[in-house]
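Trainee: Here it is: the structure, laid out below.
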Amino acid sequence: MIQIDFQKMGGLIPAIIQDHESGEVLMVAFMDEKTLNLTLESGKTWFFSRTRNKYWMKGEESGNTQEVIEVLTDCDADSVVIKVKQNGPAACHTGNRSCFYVRWEGGQWVEHSNPLFDPKEVYKK
């Protein structure tokens with residue numbers, strides 16, 4: 001039986017979050033064993049924040065949750081791709097549909113930002 005290898009990166013694995021219809025990569029985050037299990041059991045994406053050192057469910061503040069459609073692992077079983085239905089307009093905390101809106105062009109990184117919501121309004125603390 002295949003077991004996910006959480007040891008290579010100190011207990012974490014990269015999780016690539018992809019739109020289940022378009023294939024667009026929405027975000028990349030990290031999971032530990034607990035958050036992967038929470039994701040598999042709840043059908044919503046859960047992650048471990050390295051910055052805040054805590055567990056979080058995608059959309060817990062913004063309402064932009066992700067419904068799990070399919071989960072795959074790679075040949076080394078040390079990362080996962082999670083295909084989701086994005087509930088709400090955006091996956092990125094910046095208000096963009098995807099976290100990948102900065103493109104290498106002409107020798108520099110160029111931002112192609114098109115926020116679908118105002119983060120200052122959504123993340124009031």
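Every residue, even glycine, has its Cβ placed from backbone N, Cα and C.
This is the feature table in Swiss-Prot:
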type	residues	note
BINDING	ASP74, ASP76, ASP78	Mg(2+) binding site
BINDING	CYS75, CYS92, CYS99	Zn(2+) binding site
Trainee: Count, for each of the binding-site residues CYS75, CYS99, the other C-beta atoms lying within 10 angstroms of its own C-beta, and report the residue with the smallest count.
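Mentor: Counting other Cβ atoms within 10 Å of each of the binding-site residues CYS75, CYS99 gives the minimum at CYS75.
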Trainee: If you count other CB atoms within 10 A of each CB, which of ASP74, ASP76 wins among these binding-site residues?
Mentor: ASP74
Trainee: Write out the long-range same-chain contacts of ASP78 (Mg(2+) binding site), meaning residues 6 or more apart in sequence whose Cβ is under 8 Å from its Cβ.
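Mentor: Long-range Cβ contacts: ILE4, ASP5, LYS8, MET9, ILE13.
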Trainee: In whole Å, how far does the CA atom of ASP74 (Mg(2+) binding site) lie from that of CYS99 (Zn(2+) binding site)?
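Mentor: ASP74 (Mg(2+) binding site) to CYS99 (Zn(2+) binding site), Cα-Cα distance: 22 Å.
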